[in-house]
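This report concerns only the one structure given below.
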């Protein structure tokens, strides 16, 4: 039986993507070769990379607007240092919003390159809310934020307006909701939350912001070099890029980001409504900052933990325990999560009510 996968990542992908990818593992494009063994320079894979890069920009509404899409390696953790390496001037500074664990990790890397101003932080309340009302220094080389926080279940609902370049880590909510993506100058997202398997990272960057900070950048960390090499400066993660393309095609076939967002809202509303209705549970995040991707919640009485755990496991649910730094539970309801699976969890929460 296929389980209801609530893992925060690597995470659920569409069933049809699994099916197409599994066929490609045996015979890709009737080539007689597996996708795992084809040359990354072959015309078949070059076509995959080109379409993936183009489709990413199309879905984000950024085609013809001076942006380039790249599929790189190293995850968002490498992007944490690539941003300052490519954008922070010598003796410059950057502004960061500290809204969670991954924002903190990005800040740590930025401090290696220059002054790093933390414009706002929710660390004082274990990151249960998104900081607001902060000021971004006009003389900063860029502003960095994390759109969604997988661990704490918070999500930025309104992004600040500023005249300096805006960098955003969208690893866990990329392609999940409509935004004016032209307000961002650099977006990066590890594939393993909402787009594909671990092994590749989508980078979307406005070309005009590159090459201005005067630094000598190592080749593998230089966005401009990756653009010039058409995302093939070194051997890319062929399979991860291919599966990401299949997922992007699935999003387009669904009706694009607008259609996906509508379903995501319905799933989140269904689950949060039960959390708020059921006296046995409480949400972990500030209500106005609740994530539509990672729903964090707690039992009001820890004595019910054993019973609840037995119920959701018996229902075929996987990956529900919360991160160790928060505890409780975390239901990751990414794009590919069907609303039927969310209903299963809601039914389990109601069943607990009748048992205690």
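Yeah, the Cβs are placed from backbone N, Cα and C, and that goes for glycine too.
Note that the structure is a prediction, hence the values are computed from the model and not measured.
The Cβ of residue 41 (L-glutamate binding site) lies under 8 Å from the Cβ of 232, each of which sits 6+ residues away along the same chain. Look at residue 41 (L-glutamate binding site): DSSP puts it in coil. The L-glutamate binding site annotation in Swiss-Prot covers 41.
Marked as pyridoxal 5'-phosphate binding site by Swiss-Prot on the basis of sequence analysis: 76, 77, 102, 150, 169, 192, 234, 235. Cβ environment of residue 235 (pyridoxal 5'-phosphate binding site): 40 lie under 8 Å away, each six or more residues apart in the same chain.
Among the features that Swiss-Prot reports, N6-(pyridoxal phosphate)lysine is placed at 193. Taking a C-beta cut-off of under 8 Å and a sequence gap of six or more, residue 193 (N6-(pyridoxal phosphate)lysine) has these contacts in its own chain: 8, 9, 11, 150, 171, 172, 173, 174, 293, 332, 334.
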Residue 102 (pyridoxal 5'-phosphate binding site) - helix vs strand vs coil (DSSP): helix
Extent of the pyridoxal 5'-phosphate binding site in Å [max Cα distance among 76, 77, 102, 150, 169, 192, 234, 235]: 30
